[in-house]
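S.K.: Handing you this structure, nothing more for now.
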Amino acid sequence: MESKCLMFVSIVSVFFMVVNGVSETETLLKFKNSLVIGRANALESWNRRNPPCKWTGVLCDRGFVWGLRLENLELSGSIDIEALMGLNSLRSLSFINNKFKGPFPEFKKLVALKSLYLSNNQFDLEIPKDAFDGMGWLKKLHLEQNNFIGEIPTSLVKSPKLIELRLDGNRFTGQIPEFRHHPNMLNLSNNALAGQIPNSFSTMDPKLFEGNKGLCGKPLDTKCSSPYNHSSEPKSSTKKTSSKFLYIVAAAVAALAASLIIIGVVIFLIRRRKKKQPLLSAEPGPSSLQMRAGIQESERGQGSYHSQNRAAKKMIHTTKLSFLRDDKGKFELQDLLKASAEILGSGCFGASYKTLLSNGSVMVVKRFKHMNSAGIDEFQEHMKRLGRLNHENLLPIVAYYYKKEEKLFVSDFVANGSLAAHLHGHKSLGQPSLDWPTRFNIVKGVGRGLLYLHKNLPSLMAPHGHLKSSNVLLSEKFEPLLMDYGLIPMINEESAQELMVAYKSPEYVKQSRVTKKTDVWGLGVLILEILTGKLLESFSQVDKESEEDLASWVRSSFKGEWTQELFDQEMGKTSNCEAHILNLMRIGLSCCEVDVEKRLDIREAVEKMEDLMKEREQGDDDFYSTYASEADGRSSRGLSSEGINLS
């Protein structure tokens, strides 16, 4: 009986898979019929002989279509939303660099869509105000380099999960609205927007708002004129004017009196407070790290003077920084708290702050909130282990501060920013990306740093555990510096499983285990990201599997030869380096093997990269043509005169 039930379940499962496959096939073919395909044979694979998951530009997960990536195909015609509604798992659409125009399609009918990319098309009409109503899952919207007109849609302003918004290079008019949720990436440059920039955007890069002649206010240098035009106010009689004047004077006197009373009370309370308890804090200004991070140095309850004094002495002991490096000048936590601070970003574990000390040193303070799994003794012992690490491709931890509720890590400030910013952020600002020799040097350095961690932290299954492009900083000479390594023993298990890269690996997703090769998988994904220039999130239907999705996409697209659709054209290639780029892609895919037994170990991966480097040094004079010795020569600067144009 049990075997019959199992057989029935299997038959039903197969039946539904077949029905779904046919349904998605017919749905996509119907969608294809609405397109005008400019590039010959661009969608030739879209036929009934092959399953949809093998079609060009179709992204699948577990046999279901979750994304369409139809870029650079000279497509026009209409985007058949009704057909796309038949794809129940659809989460991502990309039609970048095509020739679509006309009315804005009704994407709001695709309520589960997470990302939409329409950059570099020919849309030239107004977007309806309700164009994004009901799209509560929308995270990323790229509409740059079109000719959209009219105001920014009000429905877009209400999007609860929007983290990326690019509207640059259009003809949007009107004022910038107040967004309900502040996007992490926003570019409104080169439009016809006017009015004052909302205060919530006042600390952003001015370049994100340039090219709008009517905009004023921070972060631009253009000051806004008074919002009131008194000359246009209607004239009133002398009697009414005098009456209004008397009311204004009376109100001003009353307000002044109330202010004086409040100030007096505040001064009284401050003096009373100073007499009753010791003041440990350095009284930082409003832009200090203490004010920005909300760090408190002491608990100021209503106990007696003696109990507060004992607490104060205890806090003096516990607020000392523990230094891991002797080559840095010593400073106290109070020096950090009273220093001017600038928030650099907020990652999955907490915020990072850039601080300028009185001695001129620039440090970064990273605040961790998910480190309650280790007691103070265990925590300090592990920090000493990390402090003993010394490698040119690791960012050292200078000092740390321990408190049960949160921890602070102090490190040197690296002005050149992260690899993620150079790969993805610079594009949004129209700046050149990293060239090929620089990218290869970064990959090689990351591999060496990772190998060092595996040699010196042998007790950890994943010595890094959180390798991704935003955790790779670049020095002035574009040497990679790994950060956020060795954190797994200190991060709460639940938070680690939710947030850390190691727990997104195939072996953990499928078997709930982390292995010695898990970091190698992270290295492989990083190599693919560097070579393709693709954002991992662009491939994510289920966020925790985004890296595996990128590897699957590359594996299905890579045919052993150079293709413009697969490789990032921003890095360029010289006449003799194509084979080396392809070999590095093969190394990356070998690191991304889903089967752990078939995956390279870290030593094998690094050896293959070193062998590739030797080949370059022996036979590729072209390799160094864009690889100057000066720091500015190895920056994001495109091709040399010998480069091949990939456009």
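Even glycines carry a Cβ here, placed using N, Cα and C.
What Swiss-Prot records for 1-21 is signal peptide. Taken from Swiss-Prot, the feature repeat 'LRR 4' applies to 161-183, supported by sequence analysis. Taken from Swiss-Prot, the feature repeat 'LRR 5' applies to 185-203, supported by sequence analysis. What Swiss-Prot lists as domain 'Protein kinase' is 338-613. Per Swiss-Prot, the feature phosphoserine maps to Ser340, Ser418; the stated evidence is similarity to another entry. According to Swiss-Prot, the feature phosphothreonine maps to Thr438.
Have a look at these and tell me how they're positioned relative to everything else.
M.R.: Counting residues of the repeat 'LRR 4' (161-183) by DSSP class, helix then strand then coil, yields 0 helix, 7 strand, 16 coil.
Look at the repeat 'LRR 5' (185-203): DSSP puts its residues at 3 helix, 8 strand, 8 coil.
For Ser340 (phosphoserine), the Cβ neighbour count at a 10 Å cut-off comes to 17, with all displayed protein chains included.
Counting every protein chain shown, the Cβ of Ser418 (phosphoserine) has 22 other Cβ atoms within 10 Å.
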S.K.: Within 10 angstroms of the C-beta of Thr438 (phosphothreonine), what count of other C-beta atoms is obtained when all protein chains are considered?
M.R.: 23
S.K.: If one measures from the C-alpha of Ser418 (phosphoserine) to the C-alpha of Thr438 (phosphothreonine), what distance in angstrom results, rounded to a whole number?
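M.R.: On Cα coordinates alone, these residues lie 14 Å apart.
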S.K.: Cα of Ser340 (phosphoserine) to Cα of Thr438 (phosphothreonine): how many Å, rounded?
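M.R.: One finds 34 Å between the Cα atoms of these residues.
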